[in-house]
Amino acid sequence: MPVESGSSAASRQAKQKRKSHSLSIRRTNSTEQERSGLQRDMIEAQDSKLPLSLRSNLLDLFSQIEREFENLYIENLELRREIETLNDRLAAEGQTVEGADLAKGALKTKASHSTSQLSQKLKTTYKASTSKIVSSFKATTSRAVCQLVREYVGHRDGIWDLSATRSQPVVLGTASADHTAMLWSIETGKCLLKYTGHQGSVNSIKFHPTDQMALTASGDQTAHIWRYMVQLPTPQPVADVSQPACEDDVDFSDKDEADGELEGPNDCPCVRLPVTTLRSHQGVVIAADWLVGGKQVVTASWDRAANLYDVETSELVHSLTGHDQELTHCCTHPTQRLVVTSSRDTTFRLWDFRDPSIHSVNVFQGHTDTVTSAVFTVGDNVVSGSDDRTVKVWDLKNMRSPIATIRTDSAVNRISVSVNQKIIALPHDNRQVRLFDMSGVRLARLPRSNRQGHRRMVCCSAWCEDNTSCNLFTCGFDRQAIGWNINIPALLQEK
């Protein structure tokens, strides 16, 4: 028999090892394929309302998370072994130099230095490995209890603005791109009245301080003042659709569930003619508000001007010019003759009408993008929001720099400030609504999931503090307004 040389035998063994290794790889791959196929079969067999593709995506994402945590676990074990090895080595060195005090001091210094290095390495490795996952699952304890109370559905296009009446009966008003404004019963969600006098998008709605009159601004370059008379229906018990607010509500679907035409309220009475029509703007009237006392109104337009009108005569009293680009919002002080206008030119201006002979104006340049809104508080503060993803709180007595700055992850639309609880409600382009206190501390985020919350951009927020079931309202381009109940613990309010 031929004798096999040592080199040929070694090469044959290497080939066999490579062959067995390739077989094990193929066997592993086939096992993973069988496992993935089994998982798909399990997904298909499960009774779930989620689409199969979405469930598969979720499974892939959780598998990636599981692998990340597995890697972290392995790294943790390796670091633990390094720590044990270091401790054993230090213990052995300590035994050898036990008799020398100087050696003990040197050993302690060396051990402390090595331990601190290892601790720093452990922290750095942990932070680097977990930053991607922890940032996604970061949870902040909510300091406010937020509950969805009611949805107000009936508009056929996005809702730009909303506000609640300041006098009895307390109703909610909404202004929509469908050329209408609607009044709603806060307690029942029923439409009480529809205003159809505008020929363009209704961009703003504000109520008279004492009378049953509404002021609306429109894309038809006019502002209308119209009267309403409503009778509130008897509240009916409804099913509780609210859930406690959670900072990590999962949004299972980004699709708009309201893409179909909504059936508007057909039995809702209509008001078709205004009491007063305010004309003189050469562009879209984007916002309007009543001055204190309700005898004058101010309007803001895309023609870069704000106009002050006399309500009784409909005459133009002052034209407030100076902004370099289109205006985005205007707001009046609740107790003083002050007006603040915001603009796309990244500034907002404070107009003072307290002295009839002097109409002073101050320009504030605190943002780097469009100022979407600036509102007064009951005290001596102005709060401004911008597309630069910041909200700033200013002191009227010293407007050189903000006293608080809130940084967010999305553009901020029309903000509002609670009178009683001093909370700022921030509606965002990314469909979120966040609550902050006046010092810039985050209190809560309103729930948003596939079951509740807005599904499109949130355009505006408004507070109502007249002992109704809802004390905060939001509206968005998903054609609905939502009433929320916000409860802040008394301890936080005192702070």
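Positions of Cβ are set from backbone N, Cα and C atoms, glycine also.
TrEMBL: automatically predicted annotations, no manual curation.
Here is what TrEMBL says about this protein:
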- 62-96: coiled coil (COILED)
- 1-13: compositional bias 'Polar residues' (COMPBIAS)
- 22-31: compositional bias 'Polar residues' (COMPBIAS)
- 246-263: compositional bias 'Acidic residues' (COMPBIAS)
- 1-37: region 'Disordered' (REGION)
- 239-263: region 'Disordered' (REGION)
- 152-194: repeat 'WD' (REPEAT)
- 195-226: repeat 'WD' (REPEAT)
- 278-319: repeat 'WD' (REPEAT)
- 320-361: repeat 'WD' (REPEAT)
- 364-404: repeat 'WD' (REPEAT)
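Counting residues per DSSP class in helix, strand and coil order gives 0 helix, 23 strand, 19 coil for the repeat 'WD' (278-319). Residues of the same chain lying 6 or more positions beyond the ends of the repeat 'WD' (364-404) and with a Cβ under 8 Å from any Cβ of it are 328-329, 331-335, 338, 340-344, 346-350, 410-417, 419, 422, 424, 426, 436, 438-440.
Through the fold, the repeat 'WD' (320-361) approaches residues 283, 286-292, 298-308, 367-376, 378, 382, 384, 386, 388, 396, 399, 414, 419 of its own chain, all at least 6 residues removed from its boundaries and within a Cβ separation under 8 Å. Sorting the repeat 'WD' (364-404) by DSSP state (H, G, I as helix; E, B as strand; all else coil) yields 0 helix, 21 strand, 20 coil.
Residues in the repeat 'WD' (152-194) partition by DSSP class (helix H, G, I; strand E, B; coil) as 0 helix, 23 strand, 20 coil. Taken through DSSP, the repeat 'WD' (320-361) splits into 0 helix, 26 strand, 16 coil.
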